[in-house]
Amino acid sequence: MSSSRLYELEEKMERLETEIASLKAEHQAIMQELTAIRKQTGETKPPPLSKNKQPSVIPVKEASETKKKTIDWEVRIGQVWLPRIFVFVLLLGILWAFKVASNAGLFSPSVKSLLGFAAGGALLIIGQKQIKQNRRALGLVLHGGAISLWMITTFAIHVLYHFISAPIAFVLNVIWIVFGIFLSNQHLSQILAIFVGIGGYLIPFLLEKQGHHLSLFTSYEVLLYFSLLIFALKKRFTWLYIAAFALLHAAFFLYIVLNAFLFVPNTWTFKVLASAVFLQHLLLLAIFLQKTMAIREQMATMFASFVLSIIWLFAAFAHDQWVIRFTLAVMFFIYASLAFFFHKKDGNRQSLSLSIATFALMILFMHLWHADSTISFLLLEGSIALFLGGKLASKLQQISGGIVYAFGSLLVLVNQIHHFLSLETLCWSIWLATLYVLIRLFKRLSLDPAWAKVASVSFIAALFLFISQMSVVLTEPFSPYVQQMSLSFSWAAFAAGSVVFGTIRDKKAMRLLGIGLIFLTLLKLVFIDLPIVSLLMRSILFIGLGSIGIIISRLFYRQQKR
């Protein structure tokens, strides 16, 4: 059996395992519903089938129609989203009710604290009853509301009323989070786990003087992320896997923003948080190598982690250039090695590894050398990346190489040619050479025709701009009139060359381009050159342009006869 066949079977197994996990959750909900119905009717066993009655068989056509059934928005909004939205409304109402009672002097702080915990317990009990009565979405939302209310009450008795110290408040909040994860595991609810995870990441912000304990804050957030990650992998909760990743970065960013009002975050703060981010990236990389989650979600999370890690790297080590360069070089080496390792073994993982290696090398080039020197390397790297993407049939790598090459091309356009022997001339020459090579490669590799068209159009435009600049640079010692005349002649010559090429290769688009350029040159002569050049120059320009126009017309006659 070939390696590609094995890879396809592994991918199918991953998809089947994900579907089985979701089917188990649905099966448990159905069994709970059946149990509730049997208790109401007093039955303990399903009714026996009649001997004469055969089990009904659902026609294939009806089954296909069921699959194509449209989404019932009434059920989706009324049973799923309404509880999730209005539980926040309920919590706000409870908080404001406590505020009104406090202003009126009805309750003391201790009574309000006890009522807060009691209200959370009531929401938990009501939610459990709703789940037993087959109102699963509503019950899970109430469970999440109970956890939130307990955390808010803990915040109040710690920060507002000073009944408990920070360590005790921290322990209580951890208990609420663990209990929420327990409920999520019991009911196989991914949404509840995400809801609890959000509260877990917010715990340090609900404690007094958390800004002075950077190491404790970072350790707790990373430990929480690791716990949620393990839970997501065990239960195959894809959205929890993504949410836990994103929430860690959000918590770190919130820490920087909030503490900016108390003190200016120093470089040490950024370095500690950046180290935690890279630890997260290593954990994701280890999971990525183990093939334990859906590949698409893993690829998206890995690439996002790479981008965010680079941002944190530059923010933390802006004054330590060697750290940035060393880290980028190591990341390039690791992912380039992984791309080589996954060759002919795992196409998706090879594509992602090669893409990350491409961008790591691009950033390293931009960080090592001056902009003029970087342009040439970016063009060469982008060309190689595009070739590898086409050779390996990897769309992700093609897009990555295209981005690198487009960025290098943009830098070429910004750096215009001012002298014949210069780095700018070298960059433009490399750009033209790589575009020509890419056109040939795209056609040979039988890729999407759009790639070859884009490369061809880019080559023609780049060649036109290059010739225009060179005509001005080479005539710089002469008067401006001579420069304008040489520019007009270069345009006319390019137009004639386009028509000749289009005639030989039977390319109608090139012939039309030549016609358009010859008319553009004529407009330039009339509106720009005539007012500034002498009569002798006018005669030379119009004789030359008229001759070229007649020759082009003659070529069209020959093309028509063919």
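First residue shown is number 1, and so on along the chain.
Heads up, the Cβ atoms here are built off N, Cα and C, so glycines get one too.
Quick look at what TrEMBL lists:
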type	residues	note
COILED	6-40	coiled coil
TRANSMEM	104-126	transmembrane segment
TRANSMEM	138-157	transmembrane segment
TRANSMEM	163-183	transmembrane segment
TRANSMEM	190-207	transmembrane segment
TRANSMEM	213-233	transmembrane segment
TRANSMEM	240-262	transmembrane segment
TRANSMEM	300-317	transmembrane segment
TRANSMEM	323-342	transmembrane segment
TRANSMEM	351-369	transmembrane segment
TRANSMEM	454-475	transmembrane segment
TRANSMEM	481-501	transmembrane segment
TRANSMEM	513-533	transmembrane segment
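Sequence-distant contacts of the transmembrane segment (138-157), counting only residues of its own chain at least 6 positions beyond either end whose CB sits under 8 Å from a CB of the stretch, comprise 79, 83-84, 87, 90-91, 94-95, 109, 112-113, 116-117, 119-121, 123-124, 126-132, 163-164, 169, 172-173, 176-177, 179-180, 183, 187, 189, 191-192, 195-196, 199, 202-203, 206. Counting residues 6+ beyond its ends, the transmembrane segment (351-369) has Cβ neighbours under 8 Å at 288, 299, 302-303, 306, 310, 321, 324-325, 328-329, 331-332, 335-336, 338-339, 342, 377-378, 381, 385, 388-389, 392, 394-397, 399-401, 404, 407 in the same chain. Tertiary proximity for the transmembrane segment (104-126) is limited to same-chain residues at least six positions away from its ends with a CB under 8 Å from its CB atoms, namely 94, 98, 139, 142-143, 145-147, 149-150, 152-153, 156-157, 160-161, 163.
It is 454-475 that, among the stretches 240-262, 300-317, 323-342, 454-475, forms the most Cβ pairs under 8 Å with the transmembrane segment (481-501).
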